[in-house]
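Chemist: Mind having a look at this structure? Questions to follow.
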Amino acid sequence: MHHGRTYQQIFSETVATALEYYKLKNYPEFENSDETVNFCRKINCLFDSLNNLNPYHGLSVDTEGWKNIRSSIKWLDDWEMALKEGEITEEEFLPPNTSQGLRITMSSMLDMSLYLIDKFDFKYILSGRINQDNLEKFFGTIRAAGGQNDHPAMPNFQHIYKMLSVYSILKPPKSGNCTVIEHNKNLISLEELKNIFNKPKITAIDLIKEKLNEHLLNIDDIHEIEVFDIMSESSSPFNSTDVVDCIIYYIAGYFTKQVSTIFYYTVCFLPISRFQNV
């Protein structure tokens, strides 16, 4: 998750080491920083175990990451028990929603990993892949597309959802509570989109012309050409007699024009062009 990086920077090994350094230098402000150092390292190990993307450190039973998560659950339970027994105040513990969410996250990760390993023979689990980034991206894009209406009703949601099929192809979101992956890029560019829509369309007339040109290349077979043979390959449904007559008329004129460029002798061309309307 994108918003976890800030916490990772604060509760990190670097911060813990810096606190220890200033304590060794006898700075009075860091005299009682031991618990803070332990807390930073505990959270840092927990983040590493819950956001692992390296197969070498994949999460499985008895691995270091597995042990870190189990020990963190026990640590959270002991911390909460100290609150219930009155050893600490509420200000010294996590808010109820935070503690409950953290416990659910850790327990769910272990249960899910154990289920996948036992039932589906997974060798390990990349805990960093188990997140809700795709869900965050989806609803984040819907809110962004809605403008000021970031809580769309059902009709607006359906309309925006249809728009997303194009928007997500042209411009994948790069903000919000999601990790930005470098290989996320536009699936299709505007130039490719233009080429798709500007692609010339082959009409039935073009198919007929192409078929006629093929037959005209071999003038010896010109007497064997049948109009309906040509029309049958044009992939067009001609159910109306008027449409068929118009096409025959068009083919006759086109045929006459093409033949006139081949026959240079007036005697040969005269029988074809003797009708004035052709």
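Cβ coordinates are placed from backbone N, Cα and C, and glycine is handled just like the others.
All annotation found in TrEMBL is predicted automatically rather than curated by experts.
What TrEMBL shows for this protein is this:
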- 7-57: domain 'Transposable element P transposase-like GTP-binding insertion' (DOMAIN)
- 130-162: domain 'Transposable element P transposase-like RNase H C-terminal' (DOMAIN)
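Map these features onto the structure and tell me what's around them.
Modeler: Across all of the domain 'Transposable element P transposase-like RNase H C-terminal' (130-162), the predicted model scores a mean pLDDT of 77.
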Chemist: When DSSP states are grouped into helix, strand and coil, how many residues of the domain 'Transposable element P transposase-like GTP-binding insertion' (7-57) land in each?
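Modeler: Here the numbers are 39 helix, 0 strand, 12 coil.
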Chemist: For the domain 'Transposable element P transposase-like RNase H C-terminal' (130-162), what are the DSSP-based totals of helix, strand and coil residues?
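Modeler: Residue counts for the domain 'Transposable element P transposase-like RNase H C-terminal' (130-162) by secondary structure: 22 helix, 0 strand, 11 coil.
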